[in-house]
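For reference, the structure I am asking about is given below.
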Amino acid sequence: MWWFQQGLSFLPVALVVWSAASFVFSYITAIVLHHVDPLVPYISDTGTIPPERCLFGIMLNVSTFLGMATMYVRYKQVSALSPEKPKILRLNKLGLTLGWMSCFGLCIIANFQKCILYYIHVLGACLTFGVGSIYMLVQTILSYLMQPEVHSKDIFWARLAVFLWSCSSILSMFVSSVVLYSGLYGQNLVQKLHWDPQERGYTPHIISTVSEWSLAFSFLSFFLTYIRDFQKISLRAVVSLQGQTLHESPGSFRAEEQALLIAGSI
């Protein structure tokens, strides 16, 4: 059995591989069609013009569902491992809520392009990366609280390092974006897809785009830390019949079942 076939480890693996592929494929398509510059465009710029916009949208929608499934499995795992620790359970519920909000933001990014509905796209980015960073912080704190009984110190330090990487990328992207869109380098830069290295504003633009790519891959790296944890989880379905036929009410079935049990006991 391969390592990614153990337990539910395929979930974070699929999330990371599929999300990375959505960025790379839309980037390659946009470059081949000369829709953006080859040197580090914004991720959103690579999903602005058809046909890469269609590819970008549908692949990120799939990433949204993979992310929700991964976060839910993580939530159930923590609940099962620490059933009698109220502090951990509260943080765990908070983490799931924040994680699903982040996934909703990713869905907004996928379906509302930057050059068409800019402010809605920015709202999605804030939910994805801003709320997502808080989700990473909550999971890092949970890893700290659950060591050494459940989590090793290595996992905690790995998640803390990725969280700090994410925060530094957010800070760098925020500062460079504020400088770039302050009006010093012209108007309507949001619609600008091609940049000349000689023009004003190119340096903060490159810093901003590099920070965005760094931020995206820091998020993917965080989910890689789930792989070893998910190898110890299995999934099974339990079917509970509420009736012997599809037209029978659940109440009558329970009454019939109870009568059979009484007859059997007699």
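FYI, residue positions are counted from 1 along the chain as it appears here.
Here the Cβ of each residue, glycine as well, is placed from N, Cα and C on the backbone.
Feature table excerpt (TrEMBL):
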- 8-233: domain 'CWH43-like N-terminal' (DOMAIN)
- 12-35: transmembrane segment (TRANSMEM)
- 55-73: transmembrane segment (TRANSMEM)
- 94-112: transmembrane segment (TRANSMEM)
- 118-145: transmembrane segment (TRANSMEM)
- 157-185: transmembrane segment (TRANSMEM)
- 205-227: transmembrane segment (TRANSMEM)
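Could you place these features in context, so I can see how deep they sit and what lies close by?
The predicted model assigns the domain 'CWH43-like N-terminal' (8-233) a mean pLDDT of 90.
The list of residues near the transmembrane segment (94-112) in space but at least 6 beyond its ends in sequence, with Cβ under 8 angstroms from a Cβ of it, reads 44, 47, 56-61, 63-64, 67-68, 71-72, 74-75, 78, 120-121, 123-129, 131-132, 134-135, 138-139, 142.
Sequence-remote contacts of a segment are chain residues at least 6 beyond its ends whose Cβ falls under 8 Å from one of its Cβ atoms, and for the transmembrane segment (118-145) they are 44, 71, 74, 78, 85, 87-88, 91-92, 94-95, 98-99, 101-102, 104-109, 112, 151, 155-156, 159-160, 162-163, 166-167, 170, 190, 215, 219, 222.
If one looks beyond the transmembrane segment (205-227) by at least 6 residues along the same chain, the residues whose Cβ comes under 8 Å of a Cβ in the stretch are 3-4, 9, 11-13, 15-16, 19-20, 23, 39-43, 67, 70, 74, 129, 132, 136, 139, 155, 158-159, 162-163, 165-166, 169-170, 172-173, 176-177, 180, 195.
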Using a Cβ cut-off of under 8 Å, list the residues of the same chain at least 6 residues beyond the transmembrane segment (157-185) that approach it.
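For the transmembrane segment (157-185), the far contacts come to 129-130, 133, 136-137, 139-140, 143, 200-201, 204-205, 207-208, 211-212, 214-215, 218-219, 221-222, 225.
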